[in-house]
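Peer 1: Mind looking over this structure? Questions follow.
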Amino acid sequence: QVSSAPASDRVFSASRDRTVMMWELEGTAGPSQHFPGHELVVTGLAVSPDGSQLCTGSRDNTVCKWDTETGECLARAAISRNLVTHLCWVPGEPYVIQSSEDKTIRVWDSRELQVAHSFPAKQHIQTCCAASQDARYCLSSSSGSAGRGGEATLWDLRQTRSQVCEYKGHFQTTTSCVFLPWGPALAPSIATSSCDSTVKVWDRDTGGRA
């Protein structure tokens with residue numbers, strides 16, 4: 001996994017060898033900082049908007065918060081069976097969204113590294129998550145096979161904190177989901193990619209194919 005903060009000259013990487021590293025886009029060829037501590041493969045990275053903090057998640061059931069300058073682990077939280085699959089930081093907010101193999105989407109308050117909210121568990125493993133630029137919505141994607149599962153789900157982060165819409169049409173696991181840029185001439189849309197070898201674009205509000 002690779003992540004970076006907006007307008008940053010740093011890139012963060014996570015690997016199956018349990019390492020997390022920070023790289024400078026200009027300067028030394030090797031990593032400029034290491035973040036050791038996870039016991040199993042690191043599967044999620046999220047950088048704070050100002051680039052000062054990093055959250056990581058792993059198959060070891062833990063989420064960690066790090067100081068990017070010193071490499072110090074500021075906090076560590078463990079939840080049984082919480083095999084992290086993806087992390088994303090909510091723009092302009094102190095919240096980090098996390099998807100998991102336990103079929104749950106969690107919203108973490110990064111200040112104390114505590115779960116602020118959990119959405120109702122889905123029927124399938126949650127493979128990926130994304131936050132909208134206006135910090136109002138969250139997306140998650142599901143595993144699936146033979147036409148069962150594989151949907152993406154839109155969640156409300158601000159009001160009801162509940163499921164808003166589902167996007168169904170993939171025949172295998174949906175591996176990624178993103179909010180697409182939109183403006184006055186474009187309806188809000190999302191995109192999903194799947195192991196069924198397709199990428200689909202959806203109307204965010206109706207769930208129809210865009």
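These residue numbers are counts, starting from 1, taken along the chain as shown.
Every residue gets a Cβ built from N, Cα and C, even glycine.
For 1-26, 35-76, 84-118, 190-210, the entry in TrEMBL reads repeat 'WD'.
What's the neighbourhood like for these features in this structure?
Peer 2: Listed as Cβ neighbours of the repeat 'WD' (1-26) (distance under 8 Å, sequence separation of 6 or more from its ends, same chain) are residues 32-36, 38-51, 54, 56, 58, 66, 68, 86.
Counted with DSSP, the repeat 'WD' (35-76) comes out as 0 helix, 22 strand, 20 coil.
Here the repeat 'WD' (84-118) has Cβ contacts under 8 Å with residues 1, 43-49, 53, 55-59, 61-63, 65, 74-77, 124-135, 138, 140-141, 155, 157, 161 of the same chain, all six or more residues outside its ends.
Beyond its flanks by at least six residues, the repeat 'WD' (190-210) meets 137, 139, 141, 150, 152, 154, 165-180 of its own chain at Cβ-Cβ distances under 8 Å.
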Peer 1: May I ask for the residues of the chain that lie six or more residues beyond the repeat 'WD' (35-76) and have a Cβ under 8 Å from a Cβ within it?
Peer 2: 1-6, 8, 10, 12-22, 82-89, 91-92, 96, 98, 108, 110, 112-113
